[in-house]
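Engineer: Supplied in structure tokens, the structure appears directly below.
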Amino acid sequence: MGENLFVGMAKGLRTWLESNHFLPIVTDVFLMLLAVVGVLGFLFLNALFLIYYDRKFGAWVQARLGPNRVGPRGIFQTVADTLKLFAKEIFIPNNVDRWPYLLAPVLIFTIPVMLFLVIPFGKGMVPYDLNLGVLYLVAVTSVETIVLWMAGWSSNNKYSLLGAMRSVAQMLSYEMPVIFAMLSVVMMAGSMKLSDIVAAQQKVWFIFLQPVGFLIYFIAVNAEFKRTPFDLVEGESEIISGPYTEYSGMNFALFFLAEYTNFMIGAIMVTTLFLGGWNAPFGWTFIPSWLWFIIKMYFVITLYMWTRWTFLRIRIDQMLNFAWKFLLPVSLVNIFVTGVGLYLYRMIRW
Amino acid sequence: MNGMGLLKGLAITFKELWKKPVTLEYPEKKEKLPPRFHGSFTLYSEKCIACGLCQQACPNKVIKVGSIKDENNKRKLASYEMEMKYCLFCGLCVEACPTNALVFNQEYELAKYNVEDIKLTLFKKEQITTGEGSENV
């Protein structure tokens, strides 16, 4: 019953609209809008919860209590913080490049929203199943750096500029291992369509066939979305807040929310590419596929938080060295081994 | 081997994850204090012999002991006041007390809204007889 909850709802709505003789285009547009609203709701609710969960998890690791004042166990802390930021003035300093400065917070949030277009949330629950889903993911994620550069450059502040430069360097160097790790998965699945990749993992998840690829991807995605061992872009102790330094009020809130949404996207990508997406493990199909997806996503998120609250921020040269001198060669070797393995497997089968 | 430190760090944070928080939710929950905690003061006025040793011992001249002499020429306590704003909770008065009439208690929330309330009046005789031998030591 739970399995077809959302798909069934969409189907029922479609038949109802068609039976009431709406134009087909109206039906399509209405259902697409509904999907957009659903995805946005999922995204906002999860981002709000994630900020709370991150703070709570950090508190647990440090034997503290964490937020516990607003609502039961502090669950509404993020809502209260957001409301506070709503009430703050959006301050525009003198000599900022006005248009890029104001556009950056708007654009930064569109990128994670765009990424949700191709994510398979459950069985038959893909907003739009692109043929080149993996390529789309890679392409759109790397646009984020341009927005951060916009924010850093237009702020007319040395810290913002430094943060933006770091974000560009980081994105350039970690994009490679990410792509190569993704490529090994694409080679195994034989398709760039995300739903095909999920379907290819029905029996064995790719984490077992591609353990090295998984590790590379796990680390590199963490760097790409600027989580703590690699959060040089923000680097509070060195460059105040990086590109976000000059932002206040709702503009800052958008940056903050986008950061956590990106984090969520990272976890979703790890889930989809390596942990079997919405496939149920051990044939436990009594839990619906979309719930499996969320469970796996939160498992990966917890792993990322665990690393975040364990490791210290590394230096910029250490970070780049790690990417170019370790991750990139290892991922190339991984691709080579994957290719040879696939070829041998095909030979034996034939 | 390279990278084992990372795993060690992860193991430590994982262990910490299950530990009880050390935070005390102060206004709701209060700490269990040691028995000889230096808090506010309690005066057992029936034990007090108004000797004034506490007053002598106090380095900041916090304590003011008022006494009277009754008909048998015996010194008795009339009033006991402490200017808590000067008190440094050293405990010399408690140590000096020969009858253990003055002791510390467990109360430590001593902030007040008015300056006048800071003064701690531990004993005040209802009607101070203005008869013979009324004196302030």
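A Cβ is built for glycine as well, from the same backbone N, Cα and C atoms used for every other residue.
Keep in mind that TrEMBL annotations are predicted by a computer and have not been checked by a curator.
This is the feature table in TrEMBL:
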type: TRANSMEM; residues: A:29-53; note: transmembrane segment
type: TRANSMEM; residues: A:101-122; note: transmembrane segment
type: TRANSMEM; residues: A:134-152; note: transmembrane segment
type: TRANSMEM; residues: A:172-192; note: transmembrane segment
type: TRANSMEM; residues: A:204-223; note: transmembrane segment
type: TRANSMEM; residues: A:252-275; note: transmembrane segment
type: TRANSMEM; residues: A:282-306; note: transmembrane segment
type: TRANSMEM; residues: A:326-345; note: transmembrane segment
Engineer: Counting CB pairs under 8 Å, which listed stretch among A:101-122, A:134-152, A:172-192, A:252-275 touches the transmembrane segment (A:326-345) the most?
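Structural biologist: Maximum Cβ contact count belongs to A:172-192.
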Engineer: Can the transmembrane segment (A:29-53) be said to touch the transmembrane segment (A:252-275) if we require at least 3 CB pairs below 8 Å and skip pairs under 6 apart in sequence?
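Structural biologist: Yes, since the transmembrane segment (A:29-53) and the transmembrane segment (A:252-275) share at least 3 Cβ pairs closer than 8 Å, they count as touching.
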Engineer: Residues sitting near the transmembrane segment (A:252-275): Cβ under 8 Å, six or more positions beyond its termini, same chain?
Structural biologist: 43-44, 46-47, 50-51, 54, 82, 85-86, 105-106, 108-109, 111-113, 115-116, 119-120, 137, 141, 144, 151, 182, 185, 194, 197-198, 205-207, 210, 213-214, 217-218, 221-222, 224-227, 243-244, 293, 296-301, 304
